[in-house]
Amino acid sequence: MKEQGFLKLAYAAYGSNLHLKQMEVRCPDAECIGKGYLEDYQLVFGKRGFLDVVPCQGKRVRVGLFKVTDTDLQALDEYEEYPELYDRITVSIQTESKEQVQAFVYKMNPYDSMEKPTETYWTTINEGYDNFSFDKKDLEDALSKID
């Protein structure tokens with residue numbers, strides 16, 4: 001189940017946890033292991049303006065991949081308000097080298113509204129996208145869908 005204290009499943013971050021300094025503080029034992037795509041999902045801003053992923057055939061969400069420990073998982077669960085606000089689901093991630101990796105993501109529980117992010121949250125996720133050199137078009141598209 002574990003390899004040197006790390007959980008078997010990787011953690012796939014798509015929102016504020018892409019911010020490497022924030023992840024370092026929240027999950028000091030976590031190790032960034034690469035980037036990938038969550039296929040057939042798209043980004044949306046859900047409840048309280050937090051990012052979520054929703055199924056959408058033909059779309060994909062860029063993710064940062066991390067190895068995490070039990071302690072890191074507890075910190076992530078607390079931050080993501082699991083299981084009240086977000087649920088944890090297992091997904092298959094395609095890495096940049098075309099490998100398939102099993103990972104968990106946090107998925108809003110349930111996704112039922114779209115709200116604008118706060119300025120602080122928007123800045124954090126943009127800096128996280130910069131940390132991973134991700135194109136911000138998906139973020140901008142998600143923001144543009146909010147009335």
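Don't overthink the numbers, they just go from 1 along the chain as shown.
From the backbone N, Cα and C atoms, a Cβ is placed for every residue, glycine too.
Now, the feature entries from TrEMBL:
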type: BINDING; residues: Tyr11, Ala12, Ala13, Tyr14, Gly15, Ser16; note: substrate binding site
type: DOMAIN; residues: 12-120; note: domain 'Gamma-glutamylcyclotransferase AIG2-like'
Field: Residue counts (helix, strand, coil, in that order) that DSSP gives for the domain 'Gamma-glutamylcyclotransferase AIG2-like' (12-120)
entry: 25 helix, 54 strand, 30 coil
Task: Tell me whether Tyr11 (substrate binding site) sits in a helix, a strand or coil according to DSSP.
output: strand
Query: If you take the centroid of the Cβ atoms of Tyr11, Ala12, Ala13, Tyr14, Gly15, Ser16, the listed substrate site, which other residues of that chain have their Cβ within 8 Å of it?
result: Asn17, Leu18, Val63, Gly64, Val105, Tyr106
- request: Could you tally the C-beta atoms, other than its own, that fall within 10 angstroms of the C-beta of Tyr11 (substrate binding site)?
  value: 26
Segment-level pLDDT (mean, integer) for the domain 'Gamma-glutamylcyclotransferase AIG2-like' (12-120): 97
